[in-house]
Structure formats: C-alpha cells, structure tokens
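Novice: Annotated transmembrane segment per Swiss-Prot: 8-28, 36-56, 68-88, 91-111, 119-139, 155-175, in sequence order.
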Amino acid sequence: MQTLVEQIVYISDMFGTAVFAFSGVLVAGRLRMDGFGVMVLAAVTAIGGGTIRDMILGATPVFWVRDPLYIWVVIATALIGMWMVKLPRRMPWYVLPVADAFGLALFTVIGAQKALNFGTSGLIAVLMGTMTGVAGGMIRDVLAREVPMVLQKEIYATACILGGILYTLSLEVGVDRVSAMLISMLGVFGLRVAAIYWHLSLPTFSLQRN
C-alpha cells in the first residue's frame with residue numbers, strides 16, 4: 001500500500017507526463033503532422049527519458065509497461081491537445097512553461113531516486129535525473145528536425161543538474177527523503193522559472209573562422 005507521499009508523487013508524475021506530452025502535441029501541430037505523428041511526439045516527449053533511464057539501469061520491464069496508465073495519459077493528452085489547439089481562445093503564454101518547469105523538477109527527482117534505488121553513485125543519480133528530465137524533449141526535437149533545446153543556450157538541462165546535485169547532497173548530509181525532494185524540486189523549478197522570466201541563458205561557444 002502506498003504512503004500519502006508516494007501517492008502525491010505518483011499523481012504529480014502523471015501531471016508531469018501530461019504536460020510533457022502536450023508540449024509534444026504543440027510541436028507536432030506546428031509541423032502539421034497527422035494524428036499518428038502527434039501521438040508519437042507526445043509519447044517520446046513524455047516517456048522517452050524515463051524509458052532510456054530504465055533501460056540503462058536494467059529496470060525492466062520499463063515503467064510504462066508495468067503501469068500502462070502512463071500510456072493512457074499520453075493518449076488522452078494528445079487527443080485533448082489536438083482539440084484544444086483549435087479553440088479560438090488561447091491559454092496564457094506562461095502556463096505551459098511554468099507547468100513544464102514543475103514536470104521537469106519532478107522528473108529529475110524521480111530519475112535520481114530510481115538510480116539510487118539501484119545502488120548507483122551520486123554522480124550517476126544526477127545523470128539519470130537529468131536524462132529523465134530532458135531526453136524525451138531531445139528525441140522530440142530530433143524527430144522534428146530541430147536543434148534540441150538542451151543543446152542551445154536555454155537553462156534547461158542545467159536546472160536538472162542543479163536539482164540532482166541538491167537531491168543527492170541533501171540525502172548525503174542526512175536530510176530526509178521528502179525534504180530532499182522538496183529542496184531539489186524548488187531548485188529546479190526556481191531556476192527554470194527565473195530563466196523564463198528574466199530571459200537568462202548560458203554563454204554560447206562560437207568558433208571564429210578566418
């Protein structure tokens with residue numbers, strides 16, 4: 001039987017899955033894909049990172065095979081998303097980025113904790129948390145023939161890395177798991193929202209040609 005905290009994390013995980021899936025729907029709509037294309041981009045965005053994480057860790061069957069509700073959430077989000085984008089009234093621009101920041105924070109913590117459950121080091125936990133948060137979006141962008149956002153100057157993967165470090169260090173110094181999750185999520189969410197609001201970005205590397 002799940003504890004209250006585990007239930008809250010599970011419900012939040014489903015919310016994050018829906019948010020990530022909806023971002024895939026928006027990209028597919030911008031590229032004028034058919035219904036199948038919408039489903040594919042929604043799915044890879046929402047569950048791609050966690051799938052790669054589970055395969056690397058040897059956590060098979062992967063999470064959405066063990067719990068098909070993730071797939072149903074993706075399908076429902078894709079169908080609702082295709083209907084919503086046709087509505088005359090648009091949602092405020094900041095709703096999706098802020099919701100995405102929450103999903104990113106949660107996915108980072110879930111990925112890091114799952115790695116720790118498999119006995120990995122803190123470094124690997126940080127990498128797995130980051131992968132859970134960003135790999136799905138990278139696959140989506142590659143399929144859309146775009147440069148993945150995490151490879152540009154956006155503060156996105158950096159926020160995941162920060163969150164993973166905060167989580168593993170908090171556990172290392174004796175902070176309880178719930179508090180460590182909150183500290184990590186606040187770090188990821190706060191940095192990502194600050195980057196959106198103040199247009200913060202990382203310096204870029206440019207090779208000058210003579």
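Cβ atoms are placed via backbone N, Cα and C, with glycine included.
Quick caveat, the model's predicted, so the values are computed rather than measured.
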Novice: Residue list, the transmembrane segment (36-56) vs rest of chain: Cβ under 8 Å, 6 or more residues beyond ends.
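Specialist: Residues 17-18, 20-25, 27-29, 62-64, 70-71, 73-75, 77-78, 81-82, 107, 110-111, 114-115, 128, 131-140, 143-144.
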Novice: The transmembrane segment (119-139): which same-chain residues, six or more beyond its ends, come within Cβ distance under 8 Å?
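Specialist: Sequence-distant neighbours of the transmembrane segment (119-139): 20, 23, 44-50, 52-53, 56-57, 104, 107-113, 148-151, 156-157, 160-161, 163-165, 167-169, 172, 188.
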Novice: With Cβ-Cβ distances below 8 Å as the criterion, list the same-chain residues six or more beyond the ends of the transmembrane segment (68-88) that contact it, or say none.
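Specialist: Non-local partners: 14, 17-18, 21-22, 24-26, 29, 35, 38-39, 42-43, 46-47.
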